[in-house]
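As given in TrEMBL:
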ACT_SITE  D66  active site, for OMPdecase activity
ACT_SITE  K68  active site, for OMPdecase activity
ACT_SITE  K68  active site, proton donor
ACT_SITE  D71  active site, for OMPdecase activity
BINDING   D12, K38, 66-75, T125, R184, Q194, 214-215  substrate binding site
DOMAIN    6-230  domain 'Orotidine 5'-phosphate decarboxylase'
Amino acid sequence: MPKAPQLVVALDLPSLEENLALARIISLCPKRENIWLKVGLRAFIRDGAKGVEMIKKTSGARIFLDLKLYDIPNTMADAANECANLGIDMMTIHASSGLDGMRAVMQALAKSAPDMKVMAVSALTSFDDRSFYAVYGKKVDSGVCDLSALASEAGVSGMVCSVLESSAIKAAHSHLLTLTPGIRPAQDQKPDDQKRTATIQEAINAGADFLVIGRPIYTAQDPKAAIESALMQIDCLQGGLQ
Ligand code: C5P
């Protein structure tokens with residue numbers, strides 16, 4: 001029986017107070033154990049470790065620190081250890097940082113935080129084939145396939161990808177988790193800067209393990225209702241698969 005995916009709410013709001021208000025709403029959700037909170041570049045650069053601590057305390061949720069590390073192996077390993085010191089549960093590195101960088105991170109965390117989930121970013125969901133080709137010299141599908149093979153060899157927990165690549169990653173590497181941003185819960189929702197978007201139904205069909213939703217929740221008129229609706233959709237659609 002496939003496991004229900006977890007909802008990851010991106011806290012990309014313009015102030016710590018607004019992120020904490022959303023964290024408070026989440027702490028009151030009946031199904032809060034199925035929700036992770038994502039602290040990304042904006043919040044971390046502004047609010048730092050203290051912000052992470054306050055969000056964790058306010059929400060009681062597991063924290064995904066999405067800093068997408070990309071550097072030389074020694075710096076990546078040291079940075080990963082610093083992430084572990086923040087008491088977070090999941091983090092991101094770039095698969096394109098290469099086998100040595102990813103391995104260095106996994107070796108460092110094997111000692112400092114063996115339970116940390118490390119997700120390797122394949123192709124950002126804001127890339128389409130043309131913009132990805134301009135940087136990597138291949139199409140998204142083949143780039144994601146190559147980067148997943150490298151990340152699997154390095155021993156990461158899973159891949160950050162769009163829903164469109166999730167099934168292919170799982171077919172090639174059944175042990176890898178997939179975390180998919182670019183989720184737009186309703187068909188007619190605007191993609192914003194995302195190019196490879198999908199609905200919750202499509203994400204579940206593709207076997208995604210973590211569904212990241214930011215703007216469709218935090219810019220909604222009623223974010224609490226948007227979270228509850230996403231959780232309900234996950235429940236109902238996942239039920240349909242069983
Ligand atoms: O607002 P939206 O739902 O588009 O937010 C998606 C979140 O996921 C953002 O915080 C963005 O930084 C992050 N993300 C992404 N694509 C990736 C990796 C992370 O959109 N490949």
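Cβ from N, Cα, C; glycine included.
With a CB cut-off of under 6 A applied against ligand 1, the binding-site residues D12, L67, T125, G214 are reduced to D12, T125, G214.
Over all protein chains present, the Cβ of Y70 (substrate binding site) has 16 other Cβ atoms lying within 10 Å.
Residues within less than 8 Å, Cβ to Cβ, of P73 (substrate binding site) and separated from it by at least 6 positions along the same chain comprise D100, G101, R103, A104.
Taking Cβ-Cβ distances under 8 Å and a sequence separation of 6 or more, the neighbours of L67 (substrate binding site) in its chain are G40, L41, F44, A79, C83, M91, T92. DSSP assigns P73 (substrate binding site) to a helical segment in the three-state reduction. Other Cβ atoms within 10 Å of the Cβ of K68 (active site, for OMPdecase activity) number 17 in total over all chains.
Neighbour list (T125 (substrate binding site), Cβ cut-off 8 Å, at least 6 residues apart, same chain): C161, S162, T180, P181, G182, Q194, K195, R196, T197.
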